[in-house]
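Notes to accompany the following structure.
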Amino acid sequence: MEFDTIAAISTALGEGAIAIVRVSGDDAVEKVNRIFKGKDLTEVPSHTIHYGHIVDLDTNQVIEEVMVSIMRAPRTFTRENIVEINCHGGLVSVNKVLQLILAQGVRLAEPGEFTKRAFLNGRIDLSQAEAVMDLIRAKTDRAMNVAINQMEGRLSKLIGRLRQDILETLAHVEVNIDYPEYDDVEEMTHNILIEKATHVRAEIAKILETSKQGKILREGIATAIIGRPNVGKSSLLNSLVQEKKAIVTDIAGTTRDVIEEYVNVRGVPLKLIDTAGIRETEDVVERIGVERSKEMMSQADLVLVVVNYSEALTNEDEDLFRAVQGKDFIVIVNKTDLPQAIDMERVIELAAGNRIITTSLIEEQGIDELETAIADLFFEGTIDSADVTYVSNARHIGLLTQAGKTIGDAIEAIENGVPIDMVQIDLTRTWEILGEITGDTVHESLIDQLFSQFCLGK
C-alpha cells in the first residue's frame, strides 16, 4: 500500500534534553537528506545513526545539531522508510526542524497515523495497535505488562485460533451442503456441530473471565472516599498518594469539591476520589459538593467508608452504610490514636461482612493493611499469573460478549433442529465479529475513529 510521506514531533512538547522528529514514507530519506549536512543519508546502511546538522536551505544557516537514525523498509514500525531526527529538546529548535521538513513536500501526520500505517501495512493488527496507547497510558507495571502482551499478539493469537476453528467448521458445513453424495466426506451431524460450537463458546467465555481484572488494570478502580466532614478523608487520600494533594484542617467542610488522583496500590491502579464530607448544610457551595459526592459514590467500583474512632456513630454515618450496600466497600475506622467513643460492634454489624481496617493516619498506621485489603478484594492473588492473557479494552469486551451471544444462538438453533445451512449464518456472523477485534473485518470509519484518539507523532 502506497502513502505520502508524513512527519511529526514524536516526543512530548516542552523543554527537555532530547526531542525527536519522526518521518515516514517511501521518500523519507531523500526528503531529510536535502536539509541534512553530513553524510549522504541515501547511501548509508539501514538501522544506522549519523551525526550532522539541519540547515535552512533559504539562508544556508545551521538550525540544529542532530543525530539522524535511518531505518529502511520493510524492517520498520510502519514498514515504510523511517527517519528519526534527534534534536535538542527546545520548543523553538524542534519546531523549526519540523517546518523545514514540511517545506520539502512532507505532510504533517495526523494523530496516530504512524501506528495506523503499521496496521494498514500489515505490521500489526488492530488489537496490537490499540495496545500501543494502552502501553503509553499504563499507570502500573502490571498494566504495562498487559499492554505489552497484547502488543506481542497474545490476544490476536487466541482470536485467530477461534476464527480458524469456526472457518474449518464452516468449510465442513459447505462441503456437506454442496456435495452430499460424496462418500469420502465426513457427515456434519448436529452432534458434531454442537461440539464444535460449544468449544468456541467456552473459549470465548474463558477469555471474558479475565475482562473484569483486565479492565481494572487498564482503567483503574474508581474509588470514592466518603464519610462525614473531618473524619480523615483528605488525610487518607494524602497517605495513599504519599503527598499532600488535599487540604487538611480541623475545620469541617474544608473539602468542598471532588478531588481525583491516580495511585499505584500493590500494582493495581486506583483512581482515588476524595469527596466533600456528606452532611446536611446550609452552605450553597458545600451542598453542591455533597451532591457530587453522592454521585461519585454511586458510580464508584470501590467505596472507602471513613468513620471516626473517637466519636459515636451518627445517623449520617448509618445512612452512608445503607447507601453503599450492594457495592464493594471497605470500612476505615480512623483516629485510633484518640480515646475510643465509637461502638465497634455496631460498625461490624453495619459492615455486613466487608473488611474493617483501623487506622491512625496522623501516626501513619494501617495504610499497608488497607492497601493489601484493596488488592485482595479485586484480584485474590491471581493477577501475577504470567500465563493469563487479559482482555481489557471495552471494545474487545463488547465484541467478545456479542460473539458469545451469536454462537449461543447457533447452538440453540442446532438443538432445536434448525437445518445446518441456516445455522451457518450465525457461525459466519460469529467469525466476522471476532475479526473486528483484530481488524480483519472492520469498517474504515471505525479505523479512523480509533486512531484519531492517539497522540500526535505515534
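Cβ coordinates come from backbone N, Cα and C, glycine included.
According to Swiss-Prot:
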BINDING   R22, E84, R123, K458  (6S)-5-formyl-5,6,7,8-tetrahydrofolate binding site
DOMAIN    220-379  domain 'TrmE-type G'
BINDING   230-235, 249-255, 274-277  GTP binding site
BINDING   N230, T249, I251, T254  K(+) binding site
BINDING   S234, T255  Mg(2+) binding site
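A map of Swiss-Prot features onto the structure.
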residue	record	Cβ within 10 Å
R22	(6S)-5-formyl-5,6,7,8-tetrahydrofolate binding site	24
E84	(6S)-5-formyl-5,6,7,8-tetrahydrofolate binding site	19
R123	(6S)-5-formyl-5,6,7,8-tetrahydrofolate binding site	17
N230	GTP binding site	21
K233	GTP binding site	31
S234	Mg(2+) binding site	24
K458	(6S)-5-formyl-5,6,7,8-tetrahydrofolate binding site	19
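Nearest Cα neighbour of E84 ((6S)-5-formyl-5,6,7,8-tetrahydrofolate binding site) among the listed binding-site residues (N230, K233, S234): S234. Computed over the domain 'TrmE-type G' (220-379), the whole-number mean pLDDT of the model equals 79. Under the three-state DSSP scheme, E84 ((6S)-5-formyl-5,6,7,8-tetrahydrofolate binding site) falls in the strand class. A Cα-Cα distance of 46 Å separates R22 ((6S)-5-formyl-5,6,7,8-tetrahydrofolate binding site) from K233 (GTP binding site). K233 (GTP binding site) carries a helical DSSP state (H, G or I).
Taking every pair among R22, E84, R123, K458, the residues recorded as binding (6S)-5-formyl-5,6,7,8-tetrahydrofolate, the greatest CA to CA distance is 19 Å. Straight-line distance linking the Cα atoms of K458 ((6S)-5-formyl-5,6,7,8-tetrahydrofolate binding site) and K233 (GTP binding site), rounded to a whole number, equals 39 Å.
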